[in-house]
Each structure stands twice: as C-alpha cells, then as structure tokens.
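Residues or ranges marked as active site, proton donor/acceptor in Swiss-Prot: 156. Look at Swiss-Prot and you will find 7, 391 tagged as Mg(2+) binding site, backed by sequence analysis. Annotation source Swiss-Prot lists ATP binding site at 14, 215, 216, 217, 218, 219, citing sequence analysis. As annotated by Swiss-Prot, substrate binding site applies to 99, with the evidence given as sequence analysis. Positions annotated as site 'Transition state stabilizer' by Swiss-Prot, on the basis of sequence analysis: 187, 248.
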C-alpha cells in the first residue's frame, strides 16, 4: 500500500510517501520513499520547493506566482516526474492522509474525508486559523491531482477526546459547555505516537504505564497518559493555553485580557497577534522565539534572555507537576519535538525538579544527542526517554488501519 501524507502548517506544507506491506504494519517507521516540502516566504506568491528521495536525489526550486494550492500540486508532480520520480504515475497512490489540527467535538477518530468533513474542517478554522485552512488547501490539491483517491483526516485533537469532564470543562458558566467551549488539547498525534513508542522501547505494556509526554517545539504541550489514554493535557480550547512557548504566551490570568481590552488601542485582533506572535520566549527575551538563539544571548549576559529561560523552565516544571498529580505517580517521562529532542539543558533543568521521585538522569546519555533511548540511570525509579516524534508515520498507520477495516 502506497500512503501519501500531507502535514499542513501556516507557512509550509510537508509531505512524504510510504510503502507499507498490505498484510502487516511494520513495527518501526520506515524511511519514506519520497519527501517534499513547500515553504512560503512572507511574500505568499513565492514558494520554495524542496524534495528528496530515499535514493538521495534532491530538488530545490523557487516558484513565483500562482496559488498556494498550485504550489502544492507542483510539489506532488515531482513524485512521478523528473529526477525525484519514485512512482510511475500518481494513480499508484492508494490513500492520502492529512494532519488536521482541530476536529472539534464531533471528530474523535480518523475519518475518510467527504464533503461533510471538509465543511466541518472549514467551520472549525476560526479555532485553528493558521492550520485548518492550510489542511483544506492540501485536500483540494489532492482532489485536483489524484481525483477520487481516498483521503483520510487524522485530527490532532482526537487523542484527547478521552479527557474526563473534570479535566476538559472550564469553570465558567455551563452555557460555555453547551457552546462547545472546552479543553480540546493538541499535538495529539505526537503524544499518542510517543507514548506507544516509549512502551515499545521499554518492552512494557502501554496500558500498565503512567506516562507524561513533553512535546516541546515552537508550540509546547504536555499530556498525562494512563492506560494508553490521554487523561490531562496543557493546551486547551486553542493551542494558546498551557506552557510558555516560542512566541505564544501560554496560560495567563484572563483578567489581563479584560484589562487590556478596556484600553482603546487593544482590539481583539491586536490581542490575538500579541498573545500568539509576540509573547513567550520572543516577547520576554526580545531576541527570538528560537531557544538556541535565546541561549546564545544568555552567554552574552542578556538579562531578558536569562529571564525567558528561567520562566520557560519554571512553567515546564509546573506543568509536569500538574500532570503528575493527575496520574497519581509517574513511570515514564518523554521528551520530543525540536526543543525536547535537541536541548539537553532543558531536559536536565526539567528533570532536576523531580529528584524527589527517584528520577535520576544520566548526564552522559543526556548530552550525547539521544534518539529513541532511555537517558535515565539504571537505578532511576522513573524512565526518561527522548523520542523522535514521527507524526507522519503515525498518520500513515491510521490510514492503513482505516482502509483495512
């Protein structure tokens, strides 16, 4: 089975092609036959197309003009044309899987995409304005290029549909619940994959483990996982809640918003920009939303950069502590995504606060660019894993299961 994956972002569209045996799923993620990416510069009419294959062929082109959908269509054509050709024709693709950030209350599981599903994704765009419209662009590009090939939507919110009401419902008026205002949680595809991968690496039954997964990238979230299910998470109604992030504030006193909106120069649009684009590491440090650049500024004696680091660590530790309380204990702590996988300093700073649990980090393993391994000492009572998140492979697995039903 040939499975094409599209992973839409606000300024990029990533894609890859897997070949999966029809009779059984592989236990670990295979190397994709082909990987493509469209990056849009601030001038949305310019697209940087990057393609590589498992054989080592590469393509890098800049395309001017046309629509974003046309840019995605062009990227897809490189699957069956030119130096990066890996299939004879696009019709060889059996199914296309899409990461869709927000599925709302109605989409708890992966589904075959229909007109009704597309309309629901569009309707939920106000809750994920940077991602749901981009996912629709990818869906429509596939319809144009591949016709009636089955398409599957895999929702980032789906894994958190198991949250108990006490964790999911906000303590506002009950009318909010009736309006669908609740904690949805995000990064669910990553949290689910990493929890299953952790159990696989440790040779343990997933259902027997109490796991906290730390997805730390430009966006950051934690999940508390028990019996293989999400029972608590830090992101909420939108991906703005929870931890301090690259450019997002995370959780703040809502009274601050009321206070600012009473000032005539703070519109809803300005608040949306400030909280999503000008806060977090960027807002506090004044340097960047990128942690390595903040760390570089710290080495130069930048006070605000040091403050940003200290706040980031404080809120990460507090978040892990709250997830710990929801679980009633901890067997496995997982770090994943750009910061989680690459920053030994963040892992060390986070783990130092939980020595009282008997958690002991192996300094050498932590510093040695770990991938899919346990970096705790042999006598640590909590296993600490660094896992390379494989969202695309997780989506491909769900496509395989859905078509095999």
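Using the three backbone atoms N, Cα and C, a Cβ is placed for every residue, glycine included.
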Where the record names 14, 215, 216, 217, 218, 219 as binding ATP, the maximum Cα to Cα distance in Å: 19
For residue 14 (ATP binding site): DSSP state (helix, strand, coil): strand
From 99, 187, 391, the recorded positions whose CA lies within 10 Å of that of residue 215 (ATP binding site): 187
Cα separation, residue 7 (Mg(2+) binding site) to residue 14 (ATP binding site) (Å, whole number): 5
Alpha-carbon spacing, residue 217 (ATP binding site) to residue 156 (active site, proton donor/acceptor), which is rounded to whole Å: 15
Cβ-Cβ neighbours of the residue listed as 'substrate binding site' (radius 10 Å): 24
Candidates 7, 99, 156, 216, 391 (recorded positions) with Cα within 10 Å of residue 248 (site 'Transition state stabilizer'): none
Residue 187 (site 'Transition state stabilizer') to residue 391 (Mg(2+) binding site) - Cα separation in whole Å: 9
